[in-house]
Amino acid sequence: MAGSGSGDLIKPALAMVSFQIVFAGLNIFYKLAVSDGMDLRVLVAYRYLFASAFLAPLAYFVERRSRTKLTWRVLGLSFVCGLTGGSVAQNLYIAGMKLTTATFATATTNLLPAVTFLLALAFRYEKLAIRTSSGQAKVAGTFLGIGGAMLLTFYKGVDVTPWHSHINLIAANNGGGSHSHPSTNYAMGSLLCIISCFFYALWIIIQAKLSVEYPFHYSSTALMCVMTTLQSSAFALCFDRDAAQWRLRFDIRLLAVVYAGVMASGVMLVVMSWCVKKRGPLFVSVFNPLMLLVVAVLGSLLLGEKLHLGTALGAVLIVAGLYTVLWGKGREAGATAEAPRVSELPTTVHDGDKRVDGVAAPAPPRLLAANSI
């Protein structure tokens with residue numbers, strides 16, 4: 001019995017570690033693609049195009065016997081989900097990453113639980129319950145996250161990178177050209193990343209409604225990816241009709257969009273869905289900060305990024321806020337375990353998500369790897 005219980009824990013844990021590593025890689029590919037000069041709007045459009053091509057056949061074969069007929073309400077919710085969690089959130093997140101670093105942008109994705117809690121209060125999905133320990137924990141975690149975000153934005157500090165690598169794939173990929181030293185603007189970049197968190201949190205709330213209306217997570221996710229593809233393609237074409245931006249060769253741009261669409265929004269969706277089914281959304285959520293650690297290591301080793309004291313301290317506060325909110329949610333869930341349950345909002349989201357389309361979101365009973373958004 002003990003061996004069986006250990007196996008039931010080890011497999012989901014390994015799956016979630018793999019998930020975080022894949023999404024950390026997504027942030028690295030994002031940074032390389034935009035540093036190569038790829039239009040970020042085109043990048044988002046191609047990501048969801050590849051995701052749609054992967055998920056649509058999967059959804060057809062897996063849910064063809066159980067799926068109910070589409071309604072206009074489901075199509076409308078899918079359109080809004082694609083707009084908030086896909087087109088808008090992903091474009092803002094990648095724009096923020098372009099102006100900062102992969103590590104910095106990834107750190108902001110841990111604000112999602114706090115932002116989601118605030119919006120859930122506004123939409124009356126959550127109660128403040130300030131007199132209870134769970135309510136106090138969620139409020140404290142929210143303030144910790146906001147404080148960490150402000151520290152990330154307004155304080156840079158000294159270089160605290162524990163090692164200095166001579167590898168810089170951004171410079172090597174561009175041959176020292178004009179894109180090898182992209183401009184940085186931490187104030188604007190952090191603002192864009194935080195706004196993307198608000199849109200992604202709004203997506204979670206709308207997604208909760210969609211999961212009730214249409215509880216077929218492969219089909220609804222494929223539908224949202226198709227909607228996002230149409231929206232982001234139209235948006236990209238309004239601003240950039242240069243055929244060269246849309247032409248894909250066997251280079252970092254093709255690798256980035258295939259990796260983002262197939263691995264992040266496709267394969268990892270199935271992995272996370274399985275983990276939520278096995279261990280629940282809270283188990284999935286606790287692995288979220290691992291992506292920040294992996295991105296920080298890969299960014300310093302491969303992209304020539306430097307870790308500054310403000311980023312490190314801000315990330316610590318944000319992660320502390322994340323776990324405080326999760327602890328509060330866990331206490332709340334335990335207190336209401338015997339009562340009739342209403343569908344809860346997920347407590348954290350990935351985007352690169354993040355993500356990023358970084359960041360992927362646990363949502364009972366379905367998920368969308370986004371950022372991942």
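Glycine is no exception: its Cβ is also placed from the backbone N, Cα and C atoms.
Since the structure is predicted, the reported quantities are computational estimates derived from the model, not experimental observations.
Copied over from TrEMBL:
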TRANSMEM  12-33  transmembrane segment
DOMAIN    14-153  domain 'EamA'
TRANSMEM  45-62  transmembrane segment
TRANSMEM  74-96  transmembrane segment
TRANSMEM  102-125  transmembrane segment
TRANSMEM  137-155  transmembrane segment
TRANSMEM  186-206  transmembrane segment
DOMAIN    188-326  domain 'EamA'
TRANSMEM  218-237  transmembrane segment
TRANSMEM  257-275  transmembrane segment
TRANSMEM  282-303  transmembrane segment
TRANSMEM  309-328  transmembrane segment
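Between the transmembrane segment (137-155) and the transmembrane segment (309-328) there are 3 or more Cβ pairs closer than 8 Å, counting only residues 6 or more apart in sequence, so the two stretches are in contact.
Of the candidate ranges 45-62, 102-125, 257-275, 309-328, 45-62 has the most C-beta pairs within less than 8 angstroms of the transmembrane segment (218-237). It is 102-125 that, among the stretches 102-125, 257-275, 282-303, forms the most Cβ pairs under 8 Å with the transmembrane segment (309-328).
Across 45-62, 102-125, 282-303, stretch 45-62 shows the highest tally of CB pairs under 8 A with the transmembrane segment (257-275). Broken down with DSSP, the domain 'EamA' (188-326) shows 119 helix, 1 strand, 19 coil. DSSP places the residues of the domain 'EamA' (14-153) in helix, strand and coil in these numbers: 116 helix, 0 strand, 24 coil.
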